[in-house]
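First comes the structure, then the notes that go with it.
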């Protein structure tokens, strides 16, 4: 019975795991999880803001509201992300 572990971690076949490959895969998994969380939060917030009465389809004003809400959310997220990364770089430079 195969658990599925090991084969995804860049093993060389000799039972040795490459720490660099494992670290890279973990980084990718974290990035995917972060993107999924961002999308879920954006969807939840924009749905609550824009959809008054859920139905079978979105009317024109709901579509526009969703599009604008998502654009603003992503712009805000990008602004915060850039500021955060800039601060991290400054703090690393001061160490």
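Backbone N, Cα and C atoms are what each Cβ position is placed from, and that goes for glycine too.
Here is what Swiss-Prot records for this protein:
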- 46-69: disulfide bond (DISULFID)
- 50-65: disulfide bond (DISULFID)
- 1: N-acetylmethionine (MOD_RES)
- 7: phosphoserine (MOD_RES)
- 53: N6-succinyllysine (MOD_RES)
- 46-69: motif 'Twin CX3C motif' (MOTIF)
Within the same chain, the residues at least 6 apart in sequence whose Cβ is under 8 angstroms from that of residue 65 (disulfide bond) are 46, 49, 50
Around the Cβ of residue 69 (disulfide bond), other Cβ atoms within 10 Å, all chains included, total 18
Expressed in Å to no decimal places, the gap between the Cα atoms of residue 69 (disulfide bond) and the residue listed as 'N6-succinyllysine' is 17
By a three-class reduction of DSSP, residue 53 (N6-succinyllysine) is assigned coil
DSSP puts the residues of the motif 'Twin CX3C motif' (46-69) at 15 helix, 0 strand, 9 coil
Counting every protein chain shown, other Cβ atoms within 10 Å of the Cβ of residue 53 (N6-succinyllysine) number 6
